Amino acid sequence: PVLVESLLVFIIVLSVHTVVWDRFSWCTVALAIQAFYVQFKWDRLLQLGGAVFQFRGAANSGLLPASMVMPLLGVVMKERCRAAGIVYFERFGIIVASTGMLLALFLSILAVGITKPVPTNTCILTGIAGSIIIYTMKHSLTVSEVIEVLEVLLIFVYLSMILLYLLPRCFTPGEALLVLGGVSFVLNQLIKRSLNVVEGRGDPIDFFLLVAVVGVVLLGLFFTVLFIFLDSGTWISSMFFHMMTAVLGLGVIMPWLYRLIQRNPLFWLLQFLFQTQTRLYLLVYWTFLAASACGVVFYQNAKRSSESKKHQASTITRKYFHFIVVATYVPGLIYDRQLLYVAAVLCLAVFIFLEYIRYFRIKPFGQTLRHLLSLFLDERDSGPLILTHIYLLLGMSLPVWLFPRSCAPKGTLPGAGALVPYSGVLAVGVGDTIASVFGSTMGEIKWPGTKKTFEGTMTAIFAQIIAVALILIFDSSVNLNSSYAWILASVSLVSLLEAYTTQIDNLLLPLYLQIMLMA
């Protein structure tokens, strides 16, 4: 399975670079080759228990698929913005690609450094790849951009040391690279923009995303350190938790956001949410869907009998939430993407905050949340945190957040790029859901070395093609310009990757589909 997963990633890398070939293509291919070799060193370290930190079990390291995400995303973003003539975001794409390469290279060097005996051939490959990347960065980046890339690397190193120690078995090395690399990049962007505030420059919804992500992460770090010394399950600790959340929210996060958007954040948010009648209808509809999701949780827990305490929700039951998320995102993508952008940020902040309450057993809801959510755990929730629902939200939201609006004339990209905001809906909401449901109920022919079935994968591809046809009917802004063969190839490759990857597919698949569609 690891070899097939690697082959699929190589095909995606080469497919992207048949369309976009420049000096960064050599770097990406070199990085992919060395990551393929280093991945086996990470896998061996995980098996022998010599990987310094405790990573998630029952999965390979995932270094190769994770290493390619940020570099490929930066390359395709650079190309799209270059074609649109937006120099600022073209440079931003180069920074994203360079940062992704450097973070992946650092993780590779770390694996090679702690492997005993030292793997000579892998060291040589890593050295060659590193030389190509550094040489290209030297001739592509300005001094300030090099400093920015190094700042992200520094934040990533410290953040990894802290979070991987505090949260054992929550991530594989690849997932840590994706999640912590993304958080490090967001934190650096927020610091950079806070120090260079120009009134009227920048979209408030982008600032809202940056501040929300950094705010909830810093909140979690603060309470994690604090509750090392205090018992978090007492009423006094719970009162302190709520009080300090209010203090940090109103005393740090709100003023920070005010400095960036130059207006009262609460008034801006309320005005934004209720600006049009369409937004009001969407908010009412989303509230109904949220209540339905809560109803599913309570109903499934009510079904759990006292004799079957170890009973877990079935795959089909867990996929109810995928259907609800699709029903949530599709109207937002069709009628008001900016509202969907902000609502997804708010939802992410609420999900993470509720996870803090569950993890720290904060009264009065901490123990109740533990009981309710334990029914929906699967083998990927092996650490102290329950992250699968957060990954589902991220997988659906990242294509919306990362869509290069400034480089898209009339709010949409030409050809297959018009489907980029729908990447999460197609890959996770439709493809992954249909593959799981049909594969677990009717699948008989298994892919070699996996539990996934041929029938599930084929049904997922077919369902995504139908979904694309429905998007064409209902979303008038989508014009594919005869790029149907590329869309079919993209959907097929990502569906095959879903069958073979052991990483969090809710996070990985939408990003790869977005990269393919943007290319």
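Heads up, the Cβ atoms here are built off N, Cα and C, so glycines get one too.
What TrEMBL says about this one:
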{"type": "TRANSMEM", "residues": "57-76", "note": "transmembrane segment"}
{"type": "TRANSMEM", "residues": "118-137", "note": "transmembrane segment"}
{"type": "TRANSMEM", "residues": "149-167", "note": "transmembrane segment"}
{"type": "TRANSMEM", "residues": "207-230", "note": "transmembrane segment"}
{"type": "TRANSMEM", "residues": "239-258", "note": "transmembrane segment"}
{"type": "TRANSMEM", "residues": "278-299", "note": "transmembrane segment"}
{"type": "TRANSMEM", "residues": "320-335", "note": "transmembrane segment"}
{"type": "TRANSMEM", "residues": "341-361", "note": "transmembrane segment"}
{"type": "TRANSMEM", "residues": "382-402", "note": "transmembrane segment"}
{"type": "TRANSMEM", "residues": "422-442", "note": "transmembrane segment"}
{"type": "TRANSMEM", "residues": "454-474", "note": "transmembrane segment"}
{"type": "TRANSMEM", "residues": "486-513", "note": "transmembrane segment"}
Return yes if the transmembrane segment (486-513) and the transmembrane segment (422-442) have at least 3 CB pairs under 8 Å (sequence gap of 6 or more), otherwise no.
yes
Where among 57-76, 118-137, 320-335 do we find the most Cβ pairs under 8 Å to the transmembrane segment (422-442)?
320-335
So if I exclude everything within five residues of the ends of the transmembrane segment (320-335), which remaining residues of that chain have a CB under 8 angstroms from its CBs? That is, six or more out.
278, 282, 285-286, 289, 292-293, 296, 343, 389, 392-393, 396, 400, 421-422, 424-425, 428-430, 432-433, 474-475
By a Cβ-Cβ criterion of under 8 Å, what residues six or more beyond either terminus of the transmembrane segment (57-76) are in contact with it?
1-2, 5-6, 9, 12-13, 16, 20, 22, 24-25, 27-28, 31-32, 35-36, 38-39, 42-43, 46, 93-101, 103-104, 107-108, 111, 169, 172-175, 177-178, 181, 185, 379-380, 382, 402, 497, 501-503, 508, 511-512, 514-515, 518-519
